[in-house]
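To start, the structure itself, in structure tokens.
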């Protein structure tokens, strides 16, 4: 199945823009910029939206206007409106369980405690969508997670995340073509 929708998870607003939790939105924003595509607010869709076309594979890019815990609402509204199946969706998000700067592509699975993924799974009625996971590292103890994801990374960690974003963007043409196995082999190596 080809990917028709890429959603970069985030918390909206300038207070959250540079936080670790917004790493998914960083990638989707950089992808749009590299293709000279500009986001426009669509209040009905509860998102900033734009479109790109790579090698004759058109794709909608989404930055939800809802907070992370309600990302599923935006994803459901857009996927229903454009008749996009869960298997045609790529969710790009921060991942505590990957070291800073690692990136992994996977299909399906649980939410792993990520509230954005939890809501998307609930709203779509399935977890069978694709995920591009950007490693932000773990603070070491579960009680520190909330504060950690809502804080800004150090300059060193930020650069590692940006490097991971570059590697993620490099596989997007393969992802859009629907060759997930090849994309996984390239990025997960």
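Glycine is treated like the rest: Cβ placed from N, Cα and C.
Pulled from Swiss-Prot:
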type	residues	note
SITE	11	site 'Discriminates between blocked and unblocked aminoacyl-tRNA'
BINDING	16, 67, 69, 115	tRNA binding site
ACT_SITE	21	active site, proton acceptor
SITE	94	site 'Stabilizes the basic form of H active site to accept a proton'
Nonlocal neighbours by CB distance (under 8 Å) for residue 11 (site 'Discriminates between blocked and unblocked aminoacyl-tRNA'), same chain, sequence gap 6 or more: 19, 21, 22, 67, 68, 150
Beyond the site residues 16, 67, 69, 115: chain residues whose C-beta lies within 8 Å of the centroid, for tRNA: 11, 21, 66, 68, 70, 71, 116
Candidate binding-site residues 16, 69, 115, pick with smallest Cα gap to residue 94 (site 'Stabilizes the basic form of H active site to accept a proton'): 115
Candidate with sparsest Cβ neighbourhood (10 Å radius) among 69, 115, the listed binding-site residues: 69
Long-range Cβ environment of residue 16 (tRNA binding site), under 8 Å and at least 6 residues apart: 10, 22, 150
Cα-Cα distance, maximum over 16, 67, 69, 115, record's tRNA binders, Å: 16
